[in-house]
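**Student:** Feature list, courtesy of Swiss-Prot:
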{"type": "BINDING", "residues": "22, 26, 29", "note": "[4Fe-4S] cluster binding site"}
{"type": "DOMAIN", "residues": "6-226", "note": "domain 'Radical SAM core'"}
């Protein structure tokens, strides 16, 4: 049943966190899924056939846009198959990536099927990125690194978004010139989000108040690409599927998980969550993604 096109006020976009493994160790990450890995999913991901089936069921239910997230989704050996399947089923396709694994082979292979690339860029200072864990043994991103990456993304014809998480580490930085040069269609700026069971161990030193977040926002308020989200804005407004194939939602600072989509179907699993359509609209969740 295509529930979404029947006129119901149901959020039309879904984030599929298909892959727990990541090659960076961002201290503030709200999607580490160690709880999932330690209890029901030792490998941190489902089998390829299961992930393809989930994509098919999400499309059949009527989701119009799917964002592949991790961990780091480009580490998944069959990510291109998932992107292609989602595209052929009529969904707008997107990935959120740290960019470290965006090879030219990947960009060529997915040209016809992947609509958007969202880069996670919190700082253009390598020292800040090292402090928060946004680096690998060989990659310490700075402005030059990101400029080259963005240029390559545009050369292959992809639409660009940038996601920035504001923490104590980058609170006083200014990304105006960088973002204006990058010209993403959307620059989403998030207040660092504490989630019990995901980032408890490292988050305290990075937390900021809403007042501090607003100071960062005000510094960038004239930036035409800017879209901001406080912790309150984010809560109950993202339809998310975890690596085990369950919808999940942040409720009172904890993740609550639905039954498995492959066992009970999308509709029953979806209805177990308390997603808020009106808040989704308020945070500008609908835009020209086609």
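Quick reminder: no glycine exception, Cβ is built from N, Cα and C everywhere.
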**Student:** Whose Cβ lies within 8 Å of the mean position of the Cβ atoms of 22, 26, 29, the [4Fe-4S] cluster site, other than those residues?
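**Tutor:** Apart from the listed residues, the neighbours are 24, 25, 27, 28, 31, 32, 70, 71, 72, 98, 133, 134.
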**Student:** Quick one: what's DSSP say for residue 26 ([4Fe-4S] cluster binding site), helix, strand or coil?
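**Tutor:** Once the DSSP labels are grouped into three classes, residue 26 ([4Fe-4S] cluster binding site) ends up as coil.
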**Student:** Give me the long-range Cβ neighbours of residue 26 ([4Fe-4S] cluster binding site): same chain, 6+ apart, Cβ under 8 Å, in sequence order.
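**Tutor:** In sequence order, the residues whose Cβ lies under 8 Å from that of residue 26 ([4Fe-4S] cluster binding site) (at least 6 apart) are 132, 133, 134.
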**Student:** Count the other Cβ atoms sitting within 10 Å of the Cβ of residue 29 ([4Fe-4S] cluster binding site), across every protein chain shown.
**Tutor:** 23
**Student:** Name, in the order they occur in the sequence, the residues of the same chain whose CB lies under 8 A from the CB of residue 22 ([4Fe-4S] cluster binding site) and which sit 6 or more residues away.
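**Tutor:** The list for residue 22 ([4Fe-4S] cluster binding site) reads 29, 32, 70, 71, 72, 75, 98, given in order along the sequence.
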